[in-house]
Amino acid sequence: MSDESKITVKSDHPFFGLFRSFGLPRIIAVFFWFAGIDLIFLRNRHDALSMWQDFILAVPTYVFVLRTLLAFSVLTFVRFLMRKSKDPELADSVALFTGSVFFACQALFRNSNFHFTAGVFAVCIVFAVYAAGRSDTSVLEKFPFKACLATVFAVTAILTLFLCLVSYCRHMTYNTACFDMGIFTQMFHQMKQNLTMNTTCERDYLLSHLSVHSSFILYLLLPFYALFPSTTTLLICQTVLCMSGVIPVVLIARKRGFKGLFIVFISFIYIFNSGLFTACFFHFHENCFLPPILMWLLYAIDSRKTLPIYILSLLTMMVKEDAPLYIICIGLYLLADEKGKKRYHGAIIALSALLYFIFIMNRLGSTGSADMMMTQRFSILTFGENKGFGGLVGNILKNPSYFFSLLFSERSLVFFLQIMLPLLFLPFATFKIHRYFLMLPFVIMNLVIGSCYHYAVDLGFHYTFGTSCLLVFMAIINMSDMKDNSRRTVAAAAAAASLIIAFPLLSVNLDYCEEYQNNRTHYQKIEECLSLIPEDACVISDTNYLPHVAARNEIYLLSEEDLVTADGKVLMIKDKDKYDYYVLKEKDGNTAGIISILESSGFTRFAGCEGEVVIYKK
């Protein structure tokens, strides 16, 4: 037999082909799995980054080699047993896919460095995409719908509980503030008392929240707050509202042809979306109504259900004065996407939203709130007589270079990646231009406003509740246009991407839970101290304590504007006799001066918790 024929015989041998074709993916899978396991068991003793040498020494070389060979042998045997199955590569693909995601999550555990996150993501997602695309994943479509639905609801429930727990611990460790937790605590207290949205801490005088934001939707939460009058109720409602948007997401995915486990993958893209769950960590805000309402609206539009379209459009506009922008863009999308006689529904809701936007902005303008928000949001894009919305547009058109220098700042680009990486840039994966109407709110409300108002390009705030929903919907419908195998591969990869980006953002918030658990007695003493203040008293408070004493008719924020200072010393407190109680933070630099003035004016120490809070009474 010739050498050539011998080589041919050897290459046909099952084990030779096994190692040649599949050995490398399998050994990479084993490597990822054990690397992730090492991180779990060793991170409490040796940090993999700051103590990298100790971490390496903690894993003996012979253990590293033996366990790798053993695991590789087991997977090889499984592959051999599956050699005659329809898809013999499935076990290897599953091992590599799950291994790469598992390692990425463990490597990024409690990581707050986005550059490191992006690097680990880039490496691991390549292997996840490769693993998802190398097998016939149609078998995953055969999983029963009820089982998949149960999986979705179980994961959503667990995540909801975690988000509620973190939000509660943030609040109980005094990491919430007057803006916005204190405002909504006082507002709901007033709604429960007399159905008004009056506050005193929002603008330092008595006015209705409706004079600042047209958030009529908040009355829908009043029954829940009336039953359980607590700040915690608002935090729980916010998280439940946001996560409940997964229900229409499942319906959209099913209507768009996704089956089996791919419905689970699509739901993961929503619940682990960085723009959605991170917004739940920020106090409370009326924008939390946007995820469920918008997702149900998009489902109604995708299903061409006329009456729900109008009802949900109306509810969206009741969320906030800028919410009509969502309806305008969705209406334009419907107008272009619908080919039949129902196109006019898109025009109707878009025009109605535009008229409502003009009306409500004029109404807010009469109170000065609209002008104040324009100044706050666009201060570095307006000047002199070129103020207002018209001046803003004119300034951008006349000097686009300056505008783009703001739009493409490092902060905005990082935010753009934080939003688009978990979606694998799928909102851009279409040649159907009219779909980009759905991206306009993201561009305007986040990137454009964020060029001046940095909170709009920060995942720690509520400005991504609505825009993220439209981007998720774009990702789903763009995936549904792909060929079957590509669609399945991309759906699995996008779910993996969402989970990888979400894991550090979720795990880093465990700090709040640990802080409260380790110092619960301390924080309970502060809470008991604050609870001594009579409910009918007029109180002025430090910002972090204010949400805990805000359930009253008169509560004011103690700020620099209330003090007259010179050379770092407090000389006078404005209107000091207006307030019955002062709630001060002992560690604040102005506190000593404030106490001196209060004591010289006849105020006495009422209560306190050493090193934290001190309360003075008239």
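Glycine is no exception: its Cβ is also placed from the backbone N, Cα and C atoms.
Segment annotation: TrEMBL labels transmembrane segment over residues 462-478 (candidates 292-308, 462-478).
Long-range neighbours of the transmembrane segment (462-478) within the same chain, counting only residues 6 or more positions beyond its ends whose Cβ lies under 8 Å from a Cβ of the stretch, are 242, 245, 249, 252-253, 256, 266, 269-270, 273-276, 278-279, 282, 285, 287-288, 290-291, 294-295, 298, 302, 323, 326, 329-330, 419-420, 423-424, 426-427, 429-430, 435, 438-439, 441-442, 445-446, 449-450, 455-456, 494. Below 8 A, the CB atoms of the transmembrane segment (490-510) and the transmembrane segment (347-365) form no more than two pairs separated by six or more positions in the chain, fewer than 3 in all. Long-range Cβ contacts of the transmembrane segment (412-429) within its own chain (Cβ-Cβ under 8 Å, at least 6 residues beyond either end) map to 114, 118, 121, 125, 269, 272-275, 406, 438-439, 442, 446-447, 450-451, 457-459, 464, 468, 471-472, 474-475, 478-479, 490, 493-494, 497-498, 500-502. Cβ atoms under 8 Å from those of the transmembrane segment (21-43) belong to residues 55, 58-59, 64, 67-68, 71-72, 75-76, 79, 89, 92-93, 95-96, 98-100, 102-103, 105-107, 109, 124, 127, 130-131, 134 of the same chain, restricted to positions at least 6 beyond its ends. Here the transmembrane segment (260-284) has long-range neighbours at 140-145, 148-149, 151-152, 155-156, 159, 163, 166-167, 170, 176-177, 180-181, 184, 231, 234-235, 237-239, 242-243, 245-246, 249-250, 252-254, 291, 295, 418-419, 422-423, 459-465, 467-469, 471-472, 475-476, 487-488, 491-492, 494-495, 498-499, 501-502, 505-506, 509, 547, meaning same-chain residues at least 6 beyond its ends whose C-beta is under 8 angstroms from one of its own.
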